[in-house]
Every structure is written in structure tokens, then in C-alpha cells.
Amino acid sequence: MKILVVGTGAREHAICSALADEATIYSVMGNRNPGISRLAGNSLLLLKLTPKVVRFASEKGVDMAFIGPEAHLEAGLVDALEEAGIPSVGPTRDAARIETDKSFMRKLFEDYRIPGSITYRVFSDPEELREFMEDFDSEAVVKPVGLTGGKGVKIVGEHLRDNMEALKYATEVIEKRIGGHPSVVIEERVVGEEFTVQAFSDGEHIVPMPAVQDHPHAYEGDQGPITGGMGSYSDSDGLLPFLTQKDYEDAVEIMQRTVDAIRKETGPYRGILYGQFMLSADGPKLIEYNARFGDPEAMNVLPLLESSMLEICEGIVDGNLKSASFMNLATVCKYLVPEGYPESGVAGAEIKVDEKKIEDMGVITYYAAVNQEDDHIYTSSSRALALVAPADDIYSAEELCEEATAHVKGRLYHRRDIGTRELVEKRIKHMEDLRS
């Protein structure tokens, strides 16, 4: 079977790796990712425009497509491929609004009484926004309605001093159309521990994957600006050290009810659904959805997949998804990023990766926003590569992953604290304090 994987990052490298033993991989990339290039052979094309992607897929006789990035979903690539007779693992443009339109997502929860929602309002009038914020007695979270690459959300107490500073930023979101829409979502700030559950969906049923915790802050100790994700970890039981089985099942139930609601609103949601939750004292609260695999979270779960990825993809597009099994291993993923990331990452700097030594350690290399020219690899201004270590427990995986970073040379940095006992135990104590 011929499968086209759209996307250029470490997430797509992981998707290609999961499919490579069962299918012939074709690739559409924005830059020459060395890991994807290796798996796709000569069957790749460097482009982004939807009509050219569809033409390329048709000319190559592709049987199925797997869409990685959200921008292609918002652009309607799945719809265009389906019109050409090519089914896709990825929702239609309308169904993808669960990610691309935050007001749509919150209204869906309201209309269908899906549990796990939080207090919110959507504004497009700066004066109405000002009146609301003057009386809003919770700490505010400001979210552009549209896509911002994971970097548009600002939270009082983290990035903003108080609700008046939140008002200033929210007004800017409206006036400058940050996220592509002249509107903004204001939500109450929920205190707890964030976690992610990803699920395969055939439009009727979802098959959940192990829970993961991402680390979006740029610097150690959860400090600094929000990034696309500096790394993540998962545990051997599919839960997290602070997450109970009931918490996990409640999150999965929220996701299943969401897929049911989307089906009634837009038609079947076929693809990957990513739920970002805040585990509060009252249980899981839905923070946001992504309409595709998380990056880095995809790299925690895909190396553990025991089931056939090809059969899962076929089940998604055919509407008869069955099940998926995962190895009982923990994982730690650490991103190596250019100096200055995320504000002004060093671009064009050469990096050297001793993949053989990393592989011999049992650690996996996934290339991200780098560009290969001949036998040399150069950074862009974004994340360069991810290292993923599977092991029997989180702390063993962390030690292995950290040791492997020594085999990557260049003007890069990473968060050394992800997956460490100190940071994980801090999460556990935080939840214990909240629940008591």
C-alpha cells in the first residue's frame, strides 16, 4: 500500500517510522527532514500548496494519506484529497474546527452538555470585552480563536500580571486578528496538572492511547515562554504518576462524547483526536483539542504501538476501527532546540548527530525542523530533533535519554529536568495538595 504522509517534523518522522514496515511511504515536506527522506526514499516533494499535494498524490497512485500538521487540515486538504478519491487519516476542514476554532469547541461542549468544560466567553467587540473583564473575578486565560502554533495562549499568573494586563492582550488579539480571527476567548484559569490523552477515531468509536505529560515552557523548572513542547513522558501502566484510572477513564469519556457531538454537527471525525486536560481537584477539565497527533506526544506513544499501524489507519478511514495495544513501557522524550528558541532560534547552524551510538543505547532519534543538504544537517529557528527513550520506568528512561543527548553536537539546548524524579514528584505532591 502507498501512503502519503504530509508534514515535515518529528511527529511526521514518527508516523512514517510506524508505517514504514507495512507500506511504501510518500512524503510532502516543507524542508528536507533527513529521517523522513530516508524512509520515503526518492518519493518526496517539497511543497505546501493543497492543489499540488492532491496532484502529486494522484500521480503517484497513493492509496491513503496521513495528515500531520493542523494548518493543512484547516486549509481543507482532507476534503480535497477525498474529492480525488484518496481517503485520509485526518478530519475534514469542518470537523477540524474542534482545534481551529476554539469558540466552536466550547459551544459544542455547551450544546451537548459534555462534562469537563469550564467558564468561558467569546468576544469580538473590545468594549464588551472591557466591561466583562472589569467584573471577571477569576484569573483569566486569553486564547485567540484560531491557530497560533501553540504560542498564542497567555495566562494570568504565568505570562500576564493580572486581568487588566489580560484585557490589554485580549484587545490586541481582536484588533490585530491574532490567530486569523477578529475575536478572542476568555476562560477561567483552572489549577491542576496538565495531561494529554490521544485517541484514534473512526467517527463512531475512539481507541485511546497511553496518557502523556508535555512540558511547554522553554526553560527548566517550568519557566520561560510557551513553546511547541520541549519534551514529554509517559508511564508503563498507560497512566501518569499523579493520574488515576478513573481520571483517565473520565477523560476518555469526554473525548468519546465529543466525537459523538462532532458527528451530529459536521459528519464523522476520522483521524487522531488529542485532548489536553487539566486534572483539577474536581477531575479532568478540557483545556483544548488538537485535530491531530501532538508533537512531542506522538513520539511517546507510537514507539510503543504493538498493533499494526496500517490496520489502524485502514480502520479509521473505513469506519471499522477495532483496537490497539501498546507495550507496557515508560518513555521520556527530550527536544533539542536551537539557542535562542523560541523567540530567536539560531538558524543555519550545522549539527552533528551520532545516530549509531544513540540507537545502540536503545534511544530513538526523530528529526524535526532541520534541513539536510548533502550529508550535512542544519537548524532552522524551530525545534531541531527529539530523542525518545523507552524503559521499564520513567526515571530509567530519563537517565537513558539524558545520556543520549551527549551524542548530539551543535548550538542546541534542552531541558534536563523532564522526566526527572524531582520534577515528577513535584507534580505528584501538587495533586495531593489539591485533592486534600
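Each Cβ is built from the backbone N, Cα and C atoms, and glycine gets one as well.
Here Swiss-Prot flags 106-318 as domain 'ATP-grasp'.
Here Swiss-Prot flags 133-196 as ATP binding site, drawing on sequence analysis. According to DSSP, M133 (ATP binding site) is assigned to a helical segment.
Marked as Mg(2+) 1 binding site by Swiss-Prot: Q276, E288. The DSSP secondary structure for E288 (Mg(2+) 1 binding site) is strand. Over all protein chains present, the Cβ of E288 (Mg(2+) 1 binding site) has 18 other Cβ atoms lying within 10 Å.
The Mn(2+) 1 binding site feature in Swiss-Prot is assigned to Q276, E288.
What Swiss-Prot lists as Mg(2+) 2 binding site is E288, N290, and the listing cites sequence analysis.
Among the features that Swiss-Prot reports, Mn(2+) 2 binding site is placed at E288, N290, with the record citing sequence analysis. Around the Cβ of N290 (Mg(2+) 2 binding site), a 10 Å sphere holds 22 further Cβ atoms from the protein chains shown.
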In sequence order, the binding-site residues (V141, G149, G157, R189, N290) whose C-alpha falls within 10 A of Q276 (Mg(2+) 1 binding site): N290
Among H181, R189, the one of these binding-site residues whose Cβ has the fewest neighbouring Cβ atoms within 10 Å: R189
Residue among binding-site residues M133, V141, V173 with Cα closest to the Cα of N290 (Mg(2+) 2 binding site): V141
Arithmetic mean of per-residue pLDDT over the domain 'ATP-grasp' (106-318): 96
